[in-house]
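Here is the structure we will look at, set down as structure tokens.
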Amino acid sequence: QAKVEMLDNLLDIEVAYSLLKGGAEDNKKDPIDINYEKLKTKIEVVDKTTKEAEIILQYVKNTHAATHNTYTLVVEEIFKIVREGEYQKYRPFQDLPNRQLLWHGSRATNYAGILSQGLRIAPPEAPVTGYMFGK
């Protein structure tokens, strides 16, 4: 199990490294801007006074289990993520009424891959640590 977890971590690091490495770069651009563009993702901060933010904050409050009483949750920022090409995939379903907010926690090494390639279903051999609601 430990070896599978190590391989999973290495794969996440490889994805992040491949994004950072990239190809020929424009030396006039800021490296942060170059790497942000490689994600092919638009990231916006959501104003906490909006209805969208209020719903998310209420969900956080409602899903903080009574068994997790040794800490309190504080939402520091809320981000809206728009991945390139995702809207076209979503468009045929946008008028359906059955929507759900889903929570996803992940290691920092996973975020470059999640943002650039989307969230993928964990393979059966992946470690189960941290799955509060199952896989």
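For all residues, glycine too, the Cβ spot is worked out from N, Cα and C.
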NAD(+) binding, same site as His104, Gly105, Ser106, Gly113 - Swiss-Prot member from Arg91, Arg120: Arg120
Other CB atoms, at most 10 A from the CB of Arg120 (NAD(+) binding site): 9
Secondary-structure category, per DSSP, in which Gly113 (NAD(+) binding site) falls: helix
